[in-house]
Structures are given as C-alpha cells and as structure tokens.
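As annotated by TrEMBL, transmembrane segment applies to 27-55, 76-93, 113-135, 164-185, 197-223, 235-259. The domain 'TLC' annotation in TrEMBL covers 64-267.
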Amino acid sequence: MVSMMEVKSYQYQAEVLMKEYLLADGLITYTSVLCGLLMCKMAYDMTHLVSSFYYKKYASLTKLQKIEWNNRGMSSVHAVFITIMSLYLVFISDLFSDQLVGPVTTRSSNISTFALGVSTGYFLTDLAMILWLYPYLGGMEYILHHLLSSVALAYSMLSGEGQLYIYMTLLCETTTPSVNLRWYLDTAGLKRSKAYVLNGVAMFVAWLVARILLFIYLFYHIYEHHDQIRMMHSIGYFLSLTIPVILFAMNLTWFMKILRGLKKTLTKKQAKQQ
C-alpha cells in the first residue's frame, strides 16, 4: 500500500514538473505545442485500438475510412479539451474580467498560453493530414480554416495578445463531437436511425449558439473594446479584425448546409410516420 508520504512526494514531483518544464515561461511555447502533437498521436492510436476491440465493422472499413475514423476521434478529444479550457477562461476565470485594471486584449497567463499551444499542435497535425490525403479529409475551405486558425493561435500564444478573442472563437469546437458523430453514424449504416436525427438537431443547436450567436457577441465585444484593440501590435490588430469575419462567413455558409440537411432528414422522417 502506498503511504501518505509517497503520495505527497509524487504530488510534489508533479508540481515541480509542471512549474519548471511544462509551464516554465521560457519553455511553455515549445512544451505546449509538443503536448498538442503528442495528444493527437495518442488520441489517434487510442481511437484505432478501442474501435478495433469494440466495433466489429471497423476491420471492414477501407484504409482511408480508417484514417478518417481515427482522425475524427483525435479531433473530438481536442474539441473536448479546448472547449473546457475556453469555457473556464472566458466565463469562470477572472483573467479577462472588465473589472480588472488594464486592457483585456493584452492579458494572458501560463495556463491560457499553454492551452493555445496544445491547440496549435492539434491544428498543425490536422492540417498536415488534410494536405497529405487531399482532398479526402477536406477541401480548400478546410485548409483555409486551419491556416487561419494556426496563424491566429500561434500569434496569440507567442505575443500574449488577443487571447480572449481566440478563446471565444475556439468555443466553435463545441460543435465538433456532434459533427463527428454524424459521420460515424453514417459510416456505420445508421443514417436512418433515431440517434442520427437527434444528433442532427443537437448539431444544429450547437452550431447556432457556438458559431453564429457567440460570434455576434464577439463582434459586439470587439466594437466595445476597440480602443483597447488599437493598443495591440499592428499584426494583432489586423488579425483581430479580419480572421473572425472570415471564420464567421465560413460558419454561416456551413450553417445553411446543416439547416438544409436537417430539414431534409426531418421531412423524410415525417413522411415515413404518415
């Protein structure tokens, strides 16, 4: 049995590792991106391992389908991680509170910077896979999305500027698990199931809240704090005013496709019930 002294010793060693290596000011940008790359590798391999054991039809998938299957497991893990971090930093933590002294656009912490590095590692990994298998995992719109995201993340991580807006934008990842589940159900031959319809409704609601309404609030916040945004470096100022607009336009385009798809699915469901 492990004694209390040994437990405390392990906790102390873990704290030292976090403070002196993972969250050390001089190393945090490197360690965080590396952690993001390792997270992607582990999530990809774990998705493959778990699916091989618990999903019998996994073995019958094509090579490309298996890669996309594992890739979506990887993106879902990142989505859960960054959604939790974004919710905490934007709505729970006082890091970006208007009641604190100083411009909100230049605030950062070791934890917020570390999470951005992890997310940067993910977007770089996913972008590499998209380019490697182009256009199977996504077309030019996905390449544009990931390039813009990677540039914004890397700049904010390295400069410490605009992290609030980055995290508000990253809340878009809330929709990723439902998007991936839709693909999993379709690939598993469950497109006509009740779960597929319910997931479609959940995806529509999540997209509306996280990628449409939240962006409208983001634009309002940028307008209200424009004097603080002007204090940023010219690069940060430019990125803050352009990338959210481009991403919102892409989100709106995808949202209209989701809306049409949901209408089509619900219409077919109602026709069968009559």
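A Cβ is built for glycine as well, from the same backbone N, Cα and C atoms used for every other residue.
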With CB pairs under 8 Å as the measure, which of the listed stretches 113-135, 164-185, 197-223, 235-259 comes out on top against the transmembrane segment (76-93)? 164-185
Contact set, same chain, for the transmembrane segment (235-259): CB under 8 Å, 6 or more residues outside the stretch: 105, 141, 144-145, 148-149, 151-152, 155-156, 159, 161-162, 165, 169, 172, 200, 203-204, 207-208, 211-212, 215, 218-219, 222, 229
Spatial neighbours of the transmembrane segment (164-185) far in sequence, C-beta under 8 Å, 6+ residues away: 68-69, 72-73, 75-76, 78-80, 82-83, 85-87, 89-90, 96, 104-105, 107, 112, 116, 119, 152-153, 156, 191, 193, 195-196, 199-200, 202-203, 206-207, 209-211, 214-215, 217-218, 221-222, 240, 243-244, 247, 251
Who are the long-range neighbours of the transmembrane segment (197-223) in its own chain, taking Cβ under 8 Å and residues 6 or more past its ends? 164-165, 168-169, 171-172, 174-175, 178-179, 181-182, 185, 229, 240-241, 244, 247-248, 251-252, 254-255, 258-259, 261-262, 265-266, 269
